[in-house]
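Participant: First the structure, then my questions, so here it is.
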Amino acid sequence: MNKSSGVKFPWAKLASCPPLVRVVVFLLIVVVLWLPFALPLYGLAGRGLLPGGDLLPTALLYVVFLLVLPRWEREVRAETQPWAQIGFSGRRELSRGMAIGALIGAVSLVVLAIAQLTLGWAVLDLGGARGISLLQTALVGALAATAVGCSEEVLFRGWLLRELGQGWSPEAALGATSLIFAIAHFIKPLDAILALLPQFAGLLLLGLVLGWARRIPVGLNKTGLGHPVGLHAGLVWGYYMLEVGNLLQPTEVVPAWVTGLGGNPLAGLLGLTLLSGLGVLMFRWSRSPR
């Protein structure tokens with residue numbers, strides 16, 4: 001990779017490699033560049049000398065990913081506007097897509113809450129914000145949701161979906177990306193994995209929904225990350241408000257697997273039904289002519 005070393009990295013040859021090979025090579029490049037900085041940080045974290053523990057080296061990994069990604073697009077794909085190809089294709093289209101997606105995501109969680117209240121499966125508790133005002137909860141939740149939505153969508157629907165789509169059918173690329181998206185949420189200790197298993201189907205379905213949102217046309221022969229980023233952020237924000245704001249108290253009229261095990265809609269029949277409806281909407285929207 002370093003031109004001064006006299007060894008030229010075979011970027012062009014990677015374009016003709018199978019999709020999975022390209023994915024592995026890309027990730028190896030990111031990890032190799034990240035490790036020299038990460039290992040000392042993990043050492044400090046292990047001795048309790050690094051504020052935030054493993055948060056900083058994890059954030060650094062994503063920064064390295066963002067630095068490598070445009071270089072990869074230029075060298076392997078010969079793209080002159082890498083970020084536009086990744087999904088940032090115009091400020092107006094991006095902003096509009098994010099706003100629409102966020103509105104759909106937030107309204108979806110409101111509908112979920114109203115359904116539980118109407119059916120008597122939960123009661124509203126406006127005083128249950130755990131000592132934090134609802135406004136503070138909403139603002140912190142919005143920031144966290146935007147960070148999660150942007151970071152995960154650039155990774156999965158900006159890079160991975162496109163990478164796998166260069167050699168696989170659109171359906172295969174979407175299915176594989178959604179599966180990897182779901183599995184990535186289980187990179188945890190074994191006890192945490194077992195506790196999260198009921199959410200797997202919901203995460204897989206969410207990956208499909210966001211993948212179809214990525215294919216919504218925003219111009220002539222053009223798609224973008226606006227809709228999936230906004231939708232992802234809206235759903236995360238709505239869940240944050242219900243969970244951290246502690247706004248809904250279950251009445252236990254129905255089993256937890258109906259409303260969501262552990263309070264997570266992704267692990268319940270009601271949440272899966274909501275995601276299925278969103279999936280139909282996003283799928284049909286992605287097929288609409290522009």
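Cβ atoms are placed via backbone N, Cα and C, with glycine included.
Nobody curates TrEMBL annotations by hand; they come from automatic prediction.
The following feature annotations were taken from TrEMBL:
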- 137-234: domain 'CAAX prenyl protease 2/Lysostaphin resistance protein A-like' (DOMAIN)
- 20-42: transmembrane segment (TRANSMEM)
- 48-69: transmembrane segment (TRANSMEM)
- 99-122: transmembrane segment (TRANSMEM)
- 134-156: transmembrane segment (TRANSMEM)
- 168-187: transmembrane segment (TRANSMEM)
- 193-213: transmembrane segment (TRANSMEM)
- 225-242: transmembrane segment (TRANSMEM)
- 262-283: transmembrane segment (TRANSMEM)
Participant: Please report, as numbers and ranges, the same-chain residues at least 6 past the borders of the transmembrane segment (225-242) whose CB is under 8 Å from any CB of it.
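Facilitator: Non-local partners: 86-88, 93-110, 112-113, 134, 137-138, 140-142, 144-146, 148-150, 152-154, 157-158, 206, 209-211, 213-214, 216, 218, 248, 263-265, 278, 282.
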Participant: So are the transmembrane segment (48-69) and the transmembrane segment (99-122) touching or not, going by 3+ C-beta pairs under 8 A with a sequence gap of 6 or more?
Facilitator: no
Participant: Looking only at the domain 'CAAX prenyl protease 2/Lysostaphin resistance protein A-like' (137-234), how are its residues distributed among DSSP helix, strand and coil?
Facilitator: 78 helix, 5 strand, 15 coil
Participant: How about the transmembrane segment (262-283) and the transmembrane segment (99-122): do they have 3 or more C-beta pairs under 8 A, pairs 6 or more apart in sequence?
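Facilitator: Yes, the transmembrane segment (262-283) contacts the transmembrane segment (99-122).
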Participant: Near the transmembrane segment (193-213), which residues from the same chain, at least 6 beyond its ends, have a CB less than 8 A from one of its CBs?
Facilitator: 101, 153, 156-157, 161, 174-175, 177-179, 181-182, 185-186, 227-228, 231-232, 235, 257, 261-262, 264-267, 271-272, 275-276, 278-279, 282-283, 285-286
Participant: When you scan the chain for residues with a C-beta under 8 Å from the transmembrane segment (20-42), skipping those not six or more beyond its ends, what do you find?
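Facilitator: Those are 1, 14, 50, 54, 56-57, 60-61, 64-65, 67-68, 72, 76, 159-160, 163-164, 166, in sequence order.
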